[in-house]
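Colleague: Have a look at the structure that comes next, please.
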């Protein structure tokens, strides 16, 4: 594409940010729709965050994605935060309109979209086991609760973090039963048999490591497994699900779907179906990429 003085700019801030897969994903969608937009990475050091986002607003960018380590730190620097982002306690997308910055969190939208499209899973009234209690887990737990899940159980190595997450959501979302279980105590078949879905929100699996004692064969009939990890495309958790005959999906669909939601916020347009995910898959299979 040709960049001119009329080209609208979006981007992503992080530290570091050179590894991000978001630029090829968004630029593929801009090109497919013939939109005069471009998406670029902006490396912003933590101590320069306030100056960085003020500069982006002053330069007239339409919006930007937010990645590590800024998702929480950016909250007090925004003019407005959506209720879902406030509940999650993190922002991954910012829209800039007439100099005002609005923070969104599209991670939950991405997860729910991927669960529907990849696994045909709808959370309403269902029981879900979420592995992990970090930022990704908070997004998953909140979005599942907002979508009407009947029960969401958090399993984490650190009891304090897991218990705090469950208690925080219990206080805010009365319609869902939120609970906590130490990660080392979820191997009981009777416990596992109560779940319709297992979601891994941790980095376990990226380096070939696995969860010990997790019996996926004991899940409810018709249950499924979702792993937010997308590289490698089949983690040990997903290989275990395959061996147990449990439907599964990796995190590529979620990554694309949260990007599609951000794209709609900035442009008002809907990316062609599958465009962003195809761009991600192509980049991931390029030598030297994640």
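Every residue, even glycine, has its Cβ placed from backbone N, Cα and C.
Not measured: the values here are computed from a predicted model.
Pulled from Swiss-Prot, these are the listed features:
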- 71: active site, proton acceptor (ACT_SITE)
- 20, 21, 22, 67, 92, 107, 230: shikimate binding site (BINDING)
- 132, 133, 134, 135, 136, 228, 251: NADP(+) binding site (BINDING)
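Provide an account of the burial state, proximal residues and distances for the features listed.
Modeller: The local packing around residue 71 (active site, proton acceptor), expressed as other Cβ atoms within 10 Å of its Cβ over all shown chains, amounts to 22. DSSP assigns residue 71 (active site, proton acceptor) to coil in the three-state reduction, placing it in neither a helix nor a strand.
In the three-state DSSP scheme, residue 92 (shikimate binding site) falls into the coil class.
The Cβ of residue 251 (NADP(+) binding site) lies under 8 Å from the Cβ of 114, 226, 227, 228, 229, 230, each on the same chain and at least six residues away in sequence.
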Colleague: Please report the distance from the Cα of residue 21 (shikimate binding site) to the Cα of residue 132 (NADP(+) binding site), rounded to the nearest angstrom.
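Modeller: That separation, Cα to Cα, works out to 23 Å.
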Colleague: Given the shikimate site residues 20, 21, 22, 67, 92, 107, 230, which other residues of that chain have a Cβ within 8 Å of the mean position of their Cβ atoms, reported in sequence order?
Modeller: 12, 65, 255, 258, 259
Colleague: If you measure from the C-alpha of residue 107 (shikimate binding site), which of the recorded positions 71, 132, 133, 134 fall inside 10 Å?
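Modeller: Close recorded positions: none.
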Colleague: Using DSSP with the three-state reduction, classify residue 22 (shikimate binding site) as helix, strand or coil.
Modeller: helix
Colleague: Tell me the Cα distance separating residue 133 (NADP(+) binding site) from residue 92 (shikimate binding site), rounded to the nearest angstrom.
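Modeller: Cα-Cα distance, residue 92 (shikimate binding site) to residue 133 (NADP(+) binding site): 18 Å.
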